[in-house]
Amino acid sequence: MFLKLLTIFFFFFFNLIFQSSSQSLNFAYNNGFNPPTDLSIQGITTVTPNGLLKLTNTTVQKTGHAFYTKPIRFKDSPNGTVSSFSTSFVFAIHSQIAILSGHGIAFVVAPNASLPYGNPSQYIGLFNLANNGNETNHVFAVELDTILSTEFNDTNDNHVGIDINSLKSVQSSPAGYWDEKGQFKNLTLISRKPMQVWVDYDGRTNKIDVTMAPFNEDKPTRPLVTAVRDLSSVLLQDMYVGFSSATGSVLSEHYILGWSFGLNEKAPPLALSRLPKLPRFEPKRISEFYKIGMPLISLFLIFSFIFLVCYIVRRRRKFAEELEEWEKEFGKNRFRFKDLYYATKGFKEKGLLGTGGFGSVYKGVMPGTKLEIAVKRVSHESRQGMKEFVAEIVSIGRMSHRNLVPLLGYCRRRGELLLVYDYMPNGSLDKYLYNTPEVTLNWKQRIKVILGVASGLFYLHEEWEQVVIHRDVKASNVLLDGELNGRLGDFGLARLYDHGSDPQTTHVVGTLGYLAPEHTRTGRATMATDVFAFGAFLLEVACGRRPIEFQQETDETFLLVDWVFGLWNKGDILAAKDPNMGSECDEKEVEMVLKLGLLCSHSDPRARPSMRQVLHYLRGDAKLPELSPLDLSGSGMMFGVHDGFSELGMSYSSSVFKGFTGGSSIADSQLSGGR
């Protein structure tokens, strides 16, 4: 019997506790506020001696918060529905400038009795740039906003809005009220006059009503703002109620004169006659401002206008471009210098990607499109006739191949050209090969790059409508995209020729170690000279060493091609491979690439394969001929390593190669033309 009575007692006790969560609750502040007993304040919020809740003072860019100290149970269970609630408060906003203020007041229902993440200015102390709009905020608010913020789609600079987890109001309206005749009357939030606000939420219909009226007037029957939103998914079981406010650049004071709140019942009506009085806002300060401040502002505006004119003139000179009549046909390929300047953030050293003999390259992001680009600044002295050169640039820009760095266009100004390329995020190949790189490429990645560069060079030589001689094929001119595909870049040295024409040049351009002997002798750049450079590139990638290295310890010059040939002559050509590649590589493929590099480095241009043949060898469509220096000694054709790299005889069934008769080394061949 006793056990049964005890069970009934505990059941009744816990049922009583459970039911208590659904009971009504109300409070009212009619005679001023009394922190910290029943009110928690943060930021610049204070309570004046006569009991006014002063959310902000005349400090700029600050926030202020005030919350009822005890949590309120809005739901019977975490997954339950929100109970009905209502609130009423009287507020006033006083700004140092009669026509400007910042930034308003918000009634808030929040999960904590503070909003430490709230920013000042347009965020009214509620949210910040990062969390504005997050569902995890669990914040319901009614804002009295005095600043127009286009980012939040504000109605105007004098509006009331219903906010749920975001400052983009679900519903808003210009501040005002509907009188008994059904006419809308405007109210000015920053009028310095007290006004009353009512907020009502019906838990059954999910209807939210916000109503306003001037001080000492009854609550209008028609609400100012209405929205239907179920707050059950927004509010947690226990929440805090209070106010948030913030200042911007204008000195403003935000006051709460009285406040009442009710849960599961109407908020108690405020005893307006008992509310603390607002301080006297002396008009002297306003007149003083106009008397002293306005002349100062006028002077400031005059000087600002002069500064603005000077700035515009200087800006126009700064962004001045050269544009001639003949360039109009290339308009779509021309970039504005102003856009390139802002894209590269003023061509600052921080964005410098690299510097070469023909100019510096900067990274940039085009404004608006957010396209990542690389901008190369080239002096006018590095071109032919300007019209001819620009025509070539535009023509190159029409190329489309996955292994070429896209040339997007150009800009011309003040004795320099700016060439705009697509940006390659992984930079140039050379940084993965030399000087103990932090990140190295394995053989699969290297052969992928080699195939890509070969494909791009073949496109330039044979697949496009005009022959393009690149002139500077080397690892530093091979760029890697996001997937480590090799893309041939730097067409600043390229010349275009019609198919079948005889390419001529007046001076030698290129890089020592990649220049073919006949190129240094005659100054003529051909497809064969590009193949020679590609041969040096093959050895460079496979060995991880530069074609020519000056060794300070021995005061000697290291020649990569001589070194590789010497190892081949000893029957140990694989000893030339880059040790950084590791052991997991196709040795037959590495050997083929090394021998192909030697073949392409032949001092006789007629003995070098075309890029079409090179691609066949690399793809395995054709087998590289057996290249054995021992087999060549009987025919009087052999590689000279120490005494010279004079002759390279190749045993082709087609007998396409001819040897040299001299005894010069590769270095001598490159400098003297192979004679």
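Cβ coordinates come from backbone N, Cα and C, glycine included.
Looking up Asn79, Asn426 in Swiss-Prot shows the N-linked glycosylation site annotation sitting on Asn79. Reported as a whole number, the C-alpha separation between Leu353 (ATP binding site) and Asn112 (N-linked glycosylation site) equals 49 Å. By neighbour count, meaning other C-beta atoms within 10 Å, the densest spot among the glycosylation sites Asn79, Asn112 is Asn112.
Around Asn134 (N-linked glycosylation site), the C-beta neighbours below 8 angstroms that are at least 6 residues distant in the chain are Asn165.
Set side by side, the glycosylation sites Asn57, Asn153 differ in how many other CB atoms lie within 10 angstroms of their CB, and the most is found at Asn57. Distances between the Cα of Asn57 (N-linked glycosylation site) and those of the binding-site residues Thr355, Gly359, Val361 are shortest for Val361.
Annotated pair Asn79 (N-linked glycosylation site) and Asn112 (N-linked glycosylation site), C-alpha to C-alpha distance, rounded: 19 Å.
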